[in-house]
Amino acid sequence: MDNKQLLELAEKARENAYVPYSKFHVGAALVTKSGKVYTGCNIECASYGGTNCAERTAIFKAVSEGHKDIEKIAIASDNSEKNEITAPCGICRQVIGEFGLDIKVILGYSKGDIKEFTIKDLLPHSFTGSDLK
Ligand SMILES: O=c1ccn([C@H]2C[C@H](O)[C@@H](CO)O2)c(=O)[nH]1
Ligand SMILES: [Zn+2]
């Protein structure tokens, strides 16, 4: 699974976004080290704090099926067609980092520019489980 293919899956997942409040559609797609693919969209709630981002939807689907060996995650939004990146929010950065600081984060547009970061790049000096030991 290359970065362009993973972004295409994120762009497709975005179509399922449930966004009556923000109207901002986001999709995410991840692949595990063993090649399993999970997608997610953002799901909003009238009690706004109940909203779940696309990235966390995909991660929670993967982990809840026993696949936490995430290799990379791609993110697409309504801004993708404008060739603009949508970077994960702080909560999602922390959740991505929970499963490995070397996880790659793929941002951009499948028909445009594609950028690759590690979650360590996006969340430097992070608080981790080892701080609790
Ligand atoms: O990386 C992001 C940024 C925002 N959102 C969602 C949350 C909310 O539904 C909407 C506006 O913030 O976009 C995501 O899903 N992922
Ligand atoms: Zn988020």
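Cβ coordinates come from backbone N, Cα and C, glycine included.
Automated prediction, rather than curation, is the source of TrEMBL annotations.
Note that this is a predicted model, so its numbers are computed, not measured.
Positions annotated as active site, proton donor by TrEMBL: Glu55. Residues or ranges marked as substrate binding site in TrEMBL: Asn42, Ile43, Glu44, Cys45, Ala46, Ser47, Tyr48. The annotation Zn(2+) binding site is assigned in TrEMBL to Cys53, Cys89, Cys92. TrEMBL lists 1-130 with the feature domain 'CMP/dCMP-type deaminase'.
Distribution of TrEMBL features across the structure.
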residue : record                    : contacts (Cβ under 8 Å, 6+ apart)
Asn42   : substrate binding site    : Ala17, Tyr18, Val19, Phe24, His25, Val26, Thr51, Asn52, Cys53, Ala54, Thr57
Ile43   : substrate binding site    : Ala17, Tyr18, Thr51, Asn52, Thr57
Glu44   : substrate binding site    : Tyr18, Val19, Pro20, Tyr21, Ser22, Gly50, Thr51
Cys45   : substrate binding site    : Thr51
Ala46   : substrate binding site    : Tyr21
Tyr48   : substrate binding site    : Tyr21
Glu55   : active site, proton donor : Val26, Ala28, Gly40, Ile73, Ile75, Pro88, Cys92, Val95, Ile96
Cys89   : Zn(2+) binding site       : Cys53
Looking at the binding-site residues Asn42, Glu44, Cys45, Ala46, Tyr48, which have a C-beta within less than 6 Å of some atom in ligand 1?
Asn42, Glu44
Give, as a single whole number between 0 and 100, the mean pLDDT over the domain 'CMP/dCMP-type deaminase' (1-130).
97
Which residue counts does DSSP give the domain 'CMP/dCMP-type deaminase' (1-130) for helix, strand and coil?
46 helix, 33 strand, 51 coil
Which of Cys53, Cys92 (the binding-site residues) has the most other Cβ atoms within 10 Å?
Cys92
Given the substrate site residues Asn42, Ile43, Glu44, Cys45, Ala46, Ser47, Tyr48, which other residues of that chain have a Cβ within 8 Å of the mean position of their Cβ atoms, reported in sequence order?
Tyr18, Tyr21, Gly49, Gly50, Thr51, Asn52
Entries of Asn42, Ala46, Cys53, Cys89, Cys92 (binding-site residues) sitting next to ligand 2, with Cβ under 6 Å as the cut-off:
Cys53, Cys89, Cys92
Cβ neighbours within the same chain of Ser47 (substrate binding site) - under 8 Å, at least six residues apart:
none
